[in-house]
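**Student:** Here it is: the structure, laid out below.
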Amino acid sequence: MKPSLLCRPLSCFLMLLPWPLATLTSTTLWQCPPGEEPDLNPGQGTLCRPCPPGTFSAAWGSSPCQPHARCSLQRRLEAQVGTATQDTLCGDCWPGWFGPWGVPRVPCQPCSWAPLGIHGCDEWGRRARRGVEVAAGASSGGETRQPGNGTRAGGPEETAAQYAVIAIVPVFCLMGLLGILVCNLLKRKGYHCTAHKEVGPGPGGGGSGINPAYRTEDVNEDTIGVLVRLITEKKENAAALEELLKEYHSKQLVQTSHRPVSKLPPAPPNVPHICPHRHHLHTVQGLASLSGPCCSRCSQKKWPEVLLSPEAVAATTSAPSFLPNPTRVPKAGAKAGRQGEITILSVGRFRVARIPEQRTGSMVSEVKTITEAGPSAGDLPDSPQPGLPAEQQALLGSGGSHTKWLKPPAENKTEENRYVVRLSESNLVI
């Protein structure tokens, strides 16, 4: 029994002896050098592995690698980029921030909070920059740095500039609204308000820049010119007159397409010069004198060409004569004038007529014409120049004869002629 009892403690001692040796051996194998950390998967045959990017291990040990310090969180610049064996070293504060000198672990504060005399905040005028650019250096692992964002405190100069902008913008807005209001008021009174200079047509490609409808009245302006100018001063009347002229032009094109156009033969030297246009009346009584290379109406350029009515053109081409025939039957479908009126010009619904003076006698006065220094009515040729308007045929009579309007011999008073302008159903008597 005794030998067995002695063997038991000995055997236990021999069994427990290898455990401390084994423990020491395993403990020394798990110590990793700087820049490495223990491998948690020892099945690959390695006990330590390198530190991942963005981490470091500065001494021997079994602890895992630690991440690098982030200087952006402390509002500091990176003085030295971290490696696998060394942490990132932070330097001075960002521009516009202040902090304890030589203590890189303490976060920096904005200069707007700093008292007077703090180093680094005097040159910035105690203002912090918005969106400060960070000197972000790419680390060995390629970690990106995010710039910080700070608050901004305005100084006296910046505040004054903001107040100036706030005061100027409403002033310009009010000036624009005032200009629009004044322009609308002028338009209601009949003025022409434009934002640019109007260039009128001229022989040299330029003009005076004034609308012809708004020019001052000329002393030598004829009666029809005054009437047309007064009518075209209103936009509604001008638009209606344009429609009438378009309708008249369309009728003229239809009529001239079915008959040949007769040309004006050269006139003899003793005949007075006639306007080459031959498409409008210069005065109520007939053709007017010339002023320069063209007629007075064309030189003034205050209205488009006023053409003869379709009835007058048809009467001229069908039966040309020197004197108007008062007994001629009006054309079917044409608008007849009122009793006692003599039509001077008719364009669509626009009609200019002459009203003789109505005497108190029982009979209406008649307009008589006589021919002076010329052949008798029986000797007049039938059609000396076919295709000419009536007023030009009266001027181009043979032998220099001319007609004259006479009053009845019973009356010695001056006859007053009144003219009426009819547009649709409304009349304007002058």
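All residue numbers here begin at 1 and follow the chain in the order shown.
Cβ atoms here come from the backbone N, Cα and C positions, even for glycine.
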**Student:** According to Swiss-Prot, which residue among CYS65, CYS71, CYS111 is joined to CYS90 by a disulfide bond?
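**Tutor:** That would be CYS71, the partner Swiss-Prot lists for CYS90.
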**Student:** Of ASN149, ASN412, which one does Swiss-Prot label N-linked glycosylation site?
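**Tutor:** Swiss-Prot annotates N-linked glycosylation site at ASN149; the rest carry no such entry.
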**Student:** Per Swiss-Prot, which of 105-108, 241-244, 333-336, 349-352 is motif 'RFRV motif'?
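**Tutor:** Here Swiss-Prot associates motif 'RFRV motif' with the stretch 349-352.
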**Student:** Which of these, CYS32, CYS65, shares a disulfide with CYS51 in Swiss-Prot?
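**Tutor:** Here Swiss-Prot pairs CYS51 in a disulfide with CYS65.
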**Student:** Under Swiss-Prot, the annotation region 'Disordered' belongs to which of these stretches: 134-156, 249-271?
**Tutor:** 134-156
**Student:** According to DSSP, does CYS51 (disulfide bond) fall in a helix, a strand, or coil?
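**Tutor:** Reduced to three states, the DSSP call for CYS51 (disulfide bond) is coil.
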**Student:** In terms of DSSP three-state secondary structure, what is the assignment for CYS65 (disulfide bond)?
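**Tutor:** The residue in question, CYS65 (disulfide bond), is coil (DSSP, three-state).
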**Student:** May I ask for the distance between CYS90 (disulfide bond) and THR223 (phosphothreonine), taken between their Cα atoms and rounded to an integer number of Å?
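**Tutor:** Here the two Cα atoms are 98 Å apart.
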**Student:** Whole-number Å distance between the CA of CYS51 (disulfide bond) and the CA of THR223 (phosphothreonine)?
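**Tutor:** If we compare the Cα positions of CYS51 (disulfide bond) and THR223 (phosphothreonine), the gap is 108 Å.
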